[in-house]
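According to TrEMBL, the protein carries these features:
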- 5-352: domain 'Aminotransferase class V' (DOMAIN)
- Arg42: L-glutamate binding site (BINDING)
- Ala76, Thr77, Trp102, Thr152, Asp176, Gln199, Asn241, Thr242: pyridoxal 5'-phosphate binding site (BINDING)
- Lys200: N6-(pyridoxal phosphate)lysine (MOD_RES)
Amino acid sequence: MARLFNFSAGPAALPEAVLRQAAEEMLDWHGSGQSVMEMSHRGKEYMGIHAQAEADLRELLAIPANYKVLFLQGGATLQFEMIPINLLRGKASADYVNTGEWAKKAIKEAKRLGRVNVVASSEDANFSYAPALADWKLDPNAAYVHYTANETIGGVEFHWVPDLSGLPGNVPLVCDMSSNILSQPVDISKYGLIYAGAQKNIGPAGLTLVIVREDLIGQAVPQPQTMLDYKTHADNDSMYNTPPTYAIYIAGLVFQWLKRQGGLTAMQKINAEKAGILYDYLDRSSFYSNPVRIEDRSLMNVPFTLKDAALDDAFIKGAQAQGMVQLKGHRSVGGMRASIYNAMPIEGVKKLVAYMEEFAITHG
Ligand code: PMP
């Protein structure tokens, strides 16, 4: 069986070792005589899987004890709404940083629920950079400050954490980490809330991760919908209703795989090496280009264009013939995009670069 190199932005490639383990455990999990999918979420087998997944995630990210880990559903998109519902806490407005397509979606939803101040934006340069903290026009009375750590479509990543601790207002920092969570260590204590859809670096679609500081829970708008209140989920260990049990099980296997790789410090090194191979080639080539400011380039999503867009289809077809799929860029920007999350092996990146070199020679 030949597995493809899948460069999809999400749902994305999963570690092969995880898929093999899941296959082995599919019909009979650890002698229980049942699949994880069939288990009651209140039974001791599943409760054990759930608790282990949370414990491994806490260890990987060194999550402090005063943060809750919530396993939710509804995608990062539902968080665009749950964040203002839960964190506005009666304040007049929230601050948002606009770095591209995903930030814009978060802003749009927040605007329906409260006042939004866009305190920094890279729209002036077609969303090709991460605005410096010194240029954020922060409001000390804001309910929170929201930013997108990695713009999955634009390929722009913050390689620094906005440190608000010395600034007036003690405003909580909120971050959409959908497309770079678990790619590197992160100081959770700098954040009030972090959220991520699972389908890139965590596991299957259908699971959404929220890591939230306890003091921010329980102050939602008066009478929020039960399911939209973080308190409901925090008070019930993410089991107020049936959680996405199989997705949490697979995420748990991914967390164990990450620990075996050496944790997030090791992943950061590998991710830097993988992205480096691709960007080095892009910068040497006159056939391909990437529009993002060098210091803000994403290690996870690498968009690039060919010098002649008329060659795009041939490029994609040729890649597919060599077992490399999902390289077409997002419909809003065109061109190509190679998503190289944790599960993409370095061989996949090397193979892509070899193919790009060959394609540039034959079509240059
Ligand atoms: N934020 C970012 C940065 C994303 O990449 C995505 C999905 N590609 C979303 C939010 C939306 O996530 P979901 O589809 O899980 O709602």
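Quick reminder: no glycine exception, Cβ is built from N, Cα and C everywhere.
TrEMBL labels come from automatic prediction, so no person has curated them.
Within the set of recorded positions Arg42, Lys200, Asn241, Thr242, no residue has a CB atom less than 6 Å from any atom of ligand 1. Of the listed recorded positions Arg42, Lys200, the Cβ environment within 10 Å is emptiest of other Cβ atoms at Arg42. Across the residues of the domain 'Aminotransferase class V' (5-352), the predicted structure has a mean pLDDT of 97.
Comparing the binding-site residues Thr77, Thr152, Thr242 on other C-beta atoms within 10 angstroms of each C-beta gives the minimum for Thr242. Long-range C-beta contacts of Trp102 (pyridoxal 5'-phosphate binding site), restricted to its own chain and to partners at least six residues apart, with a cutoff below 8 Å, comprise Ala76, Thr148, Glu151, Thr152, Ile153, Asp176, Ser178. The binding-site residues examined here are Gln199, Asn241; by Cβ neighbour count within 10 Å, the least packed of them is Asn241.
The separation of Arg42 (L-glutamate binding site) from Asn241 (pyridoxal 5'-phosphate binding site), Cα to Cα, is 10 Å.
Summarising the environment of Asp176 (pyridoxal 5'-phosphate binding site), the number of other Cβ atoms within 10 Å of its Cβ, over all protein chains shown, is 28.
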